[in-house]
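Marked as domain 'Anoctamin alpha-beta plait' by TrEMBL: 12-137. Taken from TrEMBL, the feature domain 'Anoctamin transmembrane' covers 170-644. If you look up TrEMBL, you'll see 178-205, 211-228, 287-309, 321-347, 368-397, 434-455, 518-537, 571-590 marked as transmembrane segment. Taken from TrEMBL, the feature region 'Disordered' applies to 665-696. The compositional bias 'Basic and acidic residues' annotation in TrEMBL covers 669-684.
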Amino acid sequence: MAKSHALNNNLGVDFVTVYRFATGDKAKAEQRFEDLIQRLASVGLASEVRNGENHSLLVFVRVSSEQHMFGEVYRSRVKDWVHGARSAEPSCEVRQTLEQDPMSEAERFRIIYQLITNPQSEGGAGITPKKGDWENVESVFALHDHVYNKEWIKKWSTQWILTAQDLDEIRDRMGEKIAYYFAFTQAYFSFLLFPAGFGILAWAFLGYYSTIYAMICSLWCVIFTEYWKHQEFDLALRWGVRGVSAIEDKRHEFKPTKEVTDSQTGEKIGTFPPQERLQRQLLQIPFAIAAALALGSLIAMCFGIEVFISEVYDGPLKSVLVFLPTVILTTCTPLISGIMTTFATRLNDFENYETHTRYERALTAKIFVLNFITSYLPVMLTAFVYVPFGSIIVPYLDIFSLTVKPFAENEKQMTAPKHPSQFTINPARLRKQIIYFTVTAQVVGLAMEVIVPYLKRQGFIKIKQMQSARAKASGGITPSAGADDAPEEKEFLARVRGEAELDVYDVTTDLREMVVQYGYLTLFSVIWPLVPLSFLINNWVELRADAVKICVEMQRPTPWRADSIGPWLDALSFLTWFGSITMSALVYLFSNDGLGPDGSPASIKGWGLLLSIFFSEHLYLLTRWAASTAISEIDSPGRQKARRERYLTRQKLFQESLDQTHQLPTLSEKGEQLSRTDLEEEARQGSLNTRSPEEKFWARQQGWRTSAQVGRDFIARAVPDQKEAGREKKEL
Ligand SMILES: [Ca+2]
């Protein structure tokens, strides 16, 4: 098989399972492996086994027959319907249904993945990769569709804007969860066009810390947040995933502590009492304090050293030493935030959430706190501590003289000025910092995302080659994984072994990156109005680079569903609100020629600062209300689709009830047929005089013809009106 052919054909494989075994206890490993294959077979999955790298086996899995697949599709759709995510009841005739409502690749892969991993009680094989009894199962992944991937990258890299069709295609291939990330980034990218253009004008004509720029930018952020909420809902309708976050299987890790019987349904449910969870959640407070202290003190320390070296120190190697705090920060921050993230995850596990959605929401909130500190604290320290209070703080920075002691020639070079008049604030510091975070760090981040995994992979390949060369030289004890491959499969298996080594894609990392980036825009862009322009350029590349990353650096992601960007929406709203505070504070503090106060707190009026924050926050609330009201009026394809479906259902029901009404005898017929007999009847009944006044009143005229006749008689007998008679005469 030629190499290109090996890339273009997946040989009908749905999923690949990597089974890694310890060579110590071979009997146990063999037994477990047999269990695995048997479990897969029990749910209708056929398997083929090949040798893998480093004591692993590759199990190729596919659904054994079309009938099995139909059965699973039907079950999945019924589940959606029962939970209200699907409006029409799925028909048992799946083959017919699939003609009207075809299955996307994403749906197919999701159903098969769930078939492998869902518990046996829910009809799955119960294989939980890396967990519990299935620790040996290292990963379960689908093979990349390289033909599609190639087209995808080619298409995206040659067009400016991603269309709704492009996003639909991602949804059909990768599932809604990933499609939501691309939809969000695309919406954010298009929204950046305006502030980018306006930012250039502001930079050229209005200068830094412009009130007009701050107001327009804040307004834009409010509109964007509200627009995205609207858009998100619309996509959920269009993709038919409204409410899927509610259909969820319990987390395997959830440990119920109490079993209760539902009084209404009689179902036995394992629960975890909310008050117990609340107690555990209280641990978040010490966690947040510890995180703020650990990360905050590191950042504050590096900040102090940096100010000391650049503003106070006046000895040799100054230009090099200035980078010392950056080095400390870039090495220590990932370390500390890594430890804190582990803590956060442990704490989140301990809080024992029932569903993935709730678990993720809680974890995201914790991670967001960490990100908030590491990303924005350095800028806030400069803006709200160094600039206004610099002259008070700088004399105390002598404590950092230790860091430069080995280089200084005399004491004088590292003595801070003791009097504020001897010291001047460096007003460009804040701007330099913002440029670093919004340009340099973005470019570096992008490179880290794409290039580092590539180098890592190349490194692995090199090491492997060296190992096998050494093994060959020393007598070739360990044959390579592909030694027994059939010649026609060789290329294909080599490719699968490569894909098995790749990382698992987690879309939340990419989403977090975007939300953190948005934070710089909404919180600080008034410092340097070219921020949106930088983000606009960065995000065009980012969207494509992430697509490449998924295709090349990652295993094919399992297509999960979602009906929003989830907890990141809360983060987005929070940042927008917080931006209304920081922007107004920055404008108030620095709008004085863009230089800001001279470093003494005396020039800042506390009440003025509070007033401007108070004012801008109320303006924020008002604009948010106006924007959300205006945006809710906007029609959109998803809403149109939902409306059309509702209309058709309504029409159908109305028609049905109308048909029933037509079967009843109408009053007109009744009147025609019954008028004579009714009159006789009336006379008879009236003489009996047994009716109630109400019955008598309604019994005088039977049928509409009688009523009409009585009316006509009244008209005929009427005496002509004098005035009217006069008028008629005139007309004549
Ligand atoms: Ca990214």
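Cβ coordinates are placed from backbone N, Cα and C, and glycine is handled just like the others.
All annotation found in TrEMBL is predicted automatically rather than curated by experts.
Counting same-chain residues at least six beyond the ends of the transmembrane segment (287-309), those with a Cβ under 8 angstroms from any Cβ of the stretch are 318, 321-322, 324-326, 328-329, 332-333, 336-337, 340, 343-344, 347, 366, 369-370, 373-374, 377-378, 381-382, 386, 390, 393-394, 397-401, 403-404, 414, 416. At the 8 Å Cβ threshold, with sequence separation of at least 6, the transmembrane segment (368-397) lacks contact with the transmembrane segment (178-205), having fewer than 3 such pairs. Same-chain residues lying 6+ beyond the ends of the transmembrane segment (178-205) with a Cβ under 8 Å from its Cβ atoms: 161-162, 167-168, 170-171, 212-213, 216-217, 220, 224, 227-228, 231-232, 235, 239, 505, 507, 510-511, 514, 518, 521, 525, 528-533, 535-536, 539-540, 542-543, 546-547, 550, 557, 559-560, 562, 564-565. With a cut-off of 8 Å on Cβ pairs spaced 6 or more residues apart, the transmembrane segment (518-537) and the transmembrane segment (211-228) reach 3 or more such pairs and are scored as touching.
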